[in-house]
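Trainee: According to Swiss-Prot, the region 'Transcriptional activation (acidic)' annotation covers 1-60. The region 'Disordered' annotation in Swiss-Prot covers 46-78, 131-219, 415-456. Swiss-Prot lists 68-78, 181-191, 203-217, 425-454 with the feature compositional bias 'Low complexity'. Annotated phosphoserine per Swiss-Prot: Ser97, Ser116, Ser331, Ser332, Ser390, Ser396, Ser449, Ser1046, in sequence order. As annotated by Swiss-Prot, region 'Interaction with LMNA' applies to 227-486. Feature annotation from Swiss-Prot assigns domain 'bHLH' to 317-367.
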Amino acid sequence: MDELPFGEAAVEQALDELGELDAALLTDIQDMLQLINNQDSDFPGLFDSPYAGGGAGDTEPTSPGANSPESLSSPASLGSSLEAFLGEPKATPASLSPVPSASTALKMYPSVPPFSPGPGIKEEPVPLTILQPPAAQPSPGTLLPPSFPPPPLQLSPAPVLGYSSLPSGFSGTLPGNTQQPPSSLSLASAPGVSPISLHTQVQSSASQQPLPASTAPRTTTVTSQIQRVPVVLQPHFIKADSLLLTTVKTDTGATMKTAGISTLAPGTAVQAGPLQTLVSGGTILATVPLVVDTDKLPIHRLAAGSKALGSAQSRGEKRTAHNAIEKRYRSSINDKIVELKDLVVGTEAKLNKSAVLRKAIDYIRFLQHSNQKLKQENLALRNAAHKSKSLKDLVSACGSAGGTDVAMEGVKPEVVDTLTPPPSDAGSPSQSSPLSLGSRGSSSGGSDSEPDSPVFEDSQVKAQRLHSHGMLDRSRLALCALVFLCLTCNPLASLFGWGIPGPSSASGAHHSSGRSMLEAESRDGSNWTQWLLPPLVWLANGLLVLACLALLFVYGEPVTRPHTSPAVHFWRHRKQADLDLARGDFAQAAQQLWLALQALGRPLPTSNLDLACSLLWNLIRHLLQRLWVGRWLAGRAGGLRRDCGLRMDARASARDAALVYHKLHQLHAMGKYTGGHLIASNLALSALNLAECAGDAVSMATLAEIYVAAALRVKTSLPRALHFLTRFFLSSARQACLAQSGSVPLAMQWLCHPVGHRFFVDGDWAVHGAPQESLYSVAGNPVDPLAQVTRLFCEHLLERALNCIAQPSPGTADGDREFSDALGYLQLLNRCSDAVGTPACSFSVSSSMASTTGTDPVAKWWASLTAVVIHWLRRDEEAAERLYPLVERMPHVLQETERPLPKAALYSFKAARALLDHRKVESGPASLAICEKASGYLRDSLAAPPTGSSIDKAMQLLLCDLLLVARTSMWQRQQSPASAQVAHSASNGSQASALELRGFQQDLSSLRRLAQNFRPAMRRVFLHEATARLMAGASPARTHQLLDRSLRRRAGSSGKGGTVAELEPRPTWREHTEALLLASCYLPPAFLSAPGQQMSMLAEAARTVEKLGDHRLLLDCQQMLLRLGGGTTVTSS
């Protein structure tokens, strides 16, 4: 039969598309196609005239049924091309005799399903007779094979149980379960013979090695009668686990011819493929996919197969090796990540690779920090060991070192190291480390869900260090009531008086009608009991009171010893509270702090009765500690014996409880913890009492912060009649700071200032849960009420500084007081803005907010801007230049705000800087453009809805006045001294340009609009209206009336004028001086009442300017006086 052309390029393309196809599949296809291509050589008489009925020279094509694409065409063409590509020896096919379709009538059998024995069919192995071919002439009736090159390797036949021992037979289960290579089998079947079933099952056990290859190809022939009618069977799909082939038994036998057996390349896996069964005439051709264990083949056979398939499998082997390397690499990485997850978060956690690596990084950083702390502690102990003379000194040094206010007092360093590191994100599992301190007995959520710690088991807690549970507040209050009852009713005196008879009862008992000679003696004997009994009773009462006090303060105080179960529970809840505070989960943090107090034996009151008892006890305890009795007894909590270790543990326990109470009080003050004023007062008193009992264990800054928090509670919760207690707590905080270190923390220094102290005690302010948005300061620490009060004080200082300029009081308006007072407030504001607690500070329970401060850039910027404006008004340009860099860098918060006031302030500063700079000879249009932009932002600010803040109105007045002063200064500089002299004699002076007049009128309109709601702006309206008329050259009569309002400020106001003065504020010294200069320089001489009035006005202005401290303006006034005096002298002469 003809072969279809199939080039090498197409084969390469097909191999590229296959990609990861196994080389074993190519080997199977090669074996199948080799047999099909060599069918003419294997069966030379298959299509001859005895079978086909045609002539030998017939060249007609074969029947379509015999050469259907499913059976012959495609496999033959593919096999030929594959053999050409793989370099296999190809047998030349002999001439075929086609079978005519009319005489051959090939019969297509349908596909047979997998065989299952029926009731009438018996499965039994049929031995086949194996005949060796004769060396000479073959016998008639046998099929002679043509000569063809031998295959690369053949297996010698071996008898197998249940199968014919042919090299080309089916691979079955050997005794050793050795898998044989695939081969081809041809069987001839004839009708009339009973069917024979050959059933194989591939098993997986290995024992027997395959037989060595023979040196020459062998032909095994099974003789049988062959029926002349060819039968073509459809391809059957045979499973690997149950291989079944059913053939029709012929009359005498079957003729079988073996093809060359190809070996599998090492490492190839044979894929299961369909069994191709081809029958032509009476011969059945079948191929079976097999699996060969290459590890058990001889080396020389493996080498032969690798040489034959080396060129075809090189690319596949490279890809397979690369994929295997990548797979091993990924498997190794995944195994290490799983191992890392088990070490960091435990075996039951469900995390992805990124989360595992992130947790590992956090845990490594935690361990590094812990190791650094341990190294420092070891170094300190080593130095102490070198300096100490004995072990007792070293132990005492270690005990004294534990008194510092660190975060983990009372727990050994190894306990600190095994605490749970913080998780990476809020959504991470609660069990963040297998080394976290677990609790078997805790019943709450949060960190209690962590697994039990391998370090701290219940059996490892030291039993010799017992935990003192202490007394509840109800028991303490009952004991106090008992003591008070004993002191008031004195039951011991009544008891002694009833038990010992008095003199009257004794005389009555011995009274008789006769005379008693011993009565005087007995009366003298009973007098000593009357004198001795009251001291004994009071002594007994005193002993009873001392015993009750010792029971309350010494033996009733709960003491938590380190390395005990309550201490472990406390530190777990406290660390979890720190994490919750850092994440902003304040409700969960409050819950953890509540559990921490419960672990210390100090549960918070849950009912109204418990709350009342706790509050009364804390009040009594604070009064006793003010008398130093309670503080002295509390210093010996745990026992009256002189045990330094127990005393240090008692102080550390009191310190830990005080810090937790204080943090809960701060959360309540900021609205993060629910409860009324009584609960807050109880928390404040508890924190204060325990902090005083802790002594040196509490740092100075923490104790002062607790005192200030108590003063805040008095200011917030108690009525106004009891607000004097704030002075007491503030003085206690100041004394505590000065007694220990001699300095006050930076965050509390403003409380020691008279202005700050007055604001705290007498100011009308309140702490809000949610900090209000402000344009003049930033929000501080959200859990620190003192930071919010500091923010309110900064805004108060800014308002006071602005009011000193806008509406100075009559007492401070004399001289330079209005400017100096404003600068003093601004300096204090700068110091306070450097001591504001920022949101980035630590949220730890043990951290002191007073010692952790930041900077408020917004308040600092407004203070610098106001100071620059004041320096400009004072004509002190050198001081203003020092603040230019601070004002030019506007904070990012103000740049992003939607309110136009900050932008109006910035552009007003730029415009005034360009117009008031006397070193510039000319002010170009660029300065006017900046001034117009500032005026636009100012008008937008005035048009915005009012916020109700007085700082906004005062700041708007300052900016509007600054723009008008800058425009006036630019107009005055444009005039020469000659033009000023002309103004004295002419009715009109030098007029400003239309652009300047329009801008001035717009700013003046903004000032009038502001004066409608802010009365202090009315004084500036009169003065700037007069300036506008002078710039426009208007009638001087109205100008003189406007200036006269500022010139008559010194006239005494009568009773009727008091109301007018309230409606029209009196002008300040600065306004009076400006009016004098405008009137003397720009009003015509006809409007002056006397010839020498101009010089008198200039002299008065010079004296006022000297008081204000404006040296440059004073120099200008003196020069004008010299010019006027010289002119007068020349005229008079």
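Cβ atoms here come from the backbone N, Cα and C positions, even for glycine.
Given the structure is predicted, the values throughout are model-derived calculations rather than measurements.
So that I understand the layout, could you describe where these features sit and how close they are to other parts?
Mentor: Confidence across the region 'Interaction with LMNA' (227-486), taken as the mean pLDDT and rounded to a whole number, stands at 58.
For the domain 'bHLH' (317-367), the number of residues in each DSSP class (helix H, G, I; strand E, B; coil) is 43 helix, 0 strand, 8 coil.
The Cβ of Ser331 (phosphoserine) lies under 8 Å from the Cβ of no residue that is in the same chain and 6 or more residues away along the sequence.
Sequence-distant contacts of Ser332 (phosphoserine), defined as residues of its own chain at least six apart whose C-beta falls under 8 angstroms from its C-beta, are absent.
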Trainee: How many neighbouring Cβ atoms, not counting its own, are there within 10 Å of the Cβ of Ser1046 (phosphoserine)?
Mentor: 24
